[in-house]
């Protein structure tokens, strides 16, 4: 796309700056994803593992203390049981010792049982005391050494976590700081592009692109219809000299009073002529020059292809094993034929260009010529709206452009009668000037047949007229107009 308007150029520059701006935002997102978010996720996993380790250490310390307490509690209960058993043995021994009916052997047996129980109670007491001392020691270590150390480790871990968060906050801010200068330049570029919008230059481009080259109409002369009346006063009465033959200048004929500004009238209904004579002179000159340039490019391509084929043919002639030289001759002949066609087209368009440039240099001659053509006898009407007696003369002698051909009229023309109807076989977008948009299976009225150029003039139900490709419709003509013909 070639941007010519300053508003379009500025918009294109702003898009480029916005692209750079978006690139910097991508840099920030990438830094956030890898250095900030990614680093925090990895550090979070490490902290979870470390915290789990510290909690396991705490659980182990608590389980060790609980185990020690169980041993102490069991020894305590055992000591209590042994003491009760010793008390029972002592009561039995005292009862038998005071009983006169008890035998000596029974007394001795109760005494030995008492000594045994007392010995076991003493051993349980010593064991309980040892277990109690051990528990108290472990409990002191648990609450004064192990648990404080675990809490300290957890506190240190949380301190490192807090510091890491602060570092990540700083990293985020530093990433933003690094891109701010570039983003500022992008915004400055946008402001500069906005200031470069020049409405005068854009208007000048539009004027230069669409100026017609037509000359504004001249003043209408005064037509004195009282010249045949005998004058009684002085012959010096103010009046307007007679025109030659007593008739007004044909270039100021009343029929020309309908010249209007083309911008506010109806849109031309005719499609493009081959010689572009339907266009205003300046537009026609530009279009013809553009067409000549394109044809020259195509001609150069064909010439390059011809040279390449000739070189290949020379190689084949010198080395027959590489290929048959005769196989290239049809392609060479086709290329030469295409070159001749292109040269003919270029010559034809150059003659049209010389014609329009000559007329552009002599406006008065062009206007007189246009008036002559306007009053010339009319032959058949071409699809483009120009007139000619012989269809073959359209290429050899292009019709002179009428300066009033593009003048729109505010008064509606009488619609042409319908000579048949047609059905759209395909959709047509009607993007070219003078063409008509149609949808598939749409029924249209035919108001002008195809004259050999591939276009048929039709009218919609709502009255809109234009040209559609003949091959896109199925046409049915009425019996009372040009014969009963039905074709696709």
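The backbone N, Cα and C atoms fix where each Cβ goes, glycine too.
Because TrEMBL annotations are produced automatically, they should be read as predictions rather than curated entries.
Matching 184-207, 208-231, 232-255 against TrEMBL, the residues noted as region 'Disordered' span 232-255. Per TrEMBL, the listed range annotated as region 'Disordered' is 354-413 (candidates: 294-353, 354-413). The coiled coil annotation in TrEMBL falls on one of the ranges 285-319, 425-459, namely 285-319.
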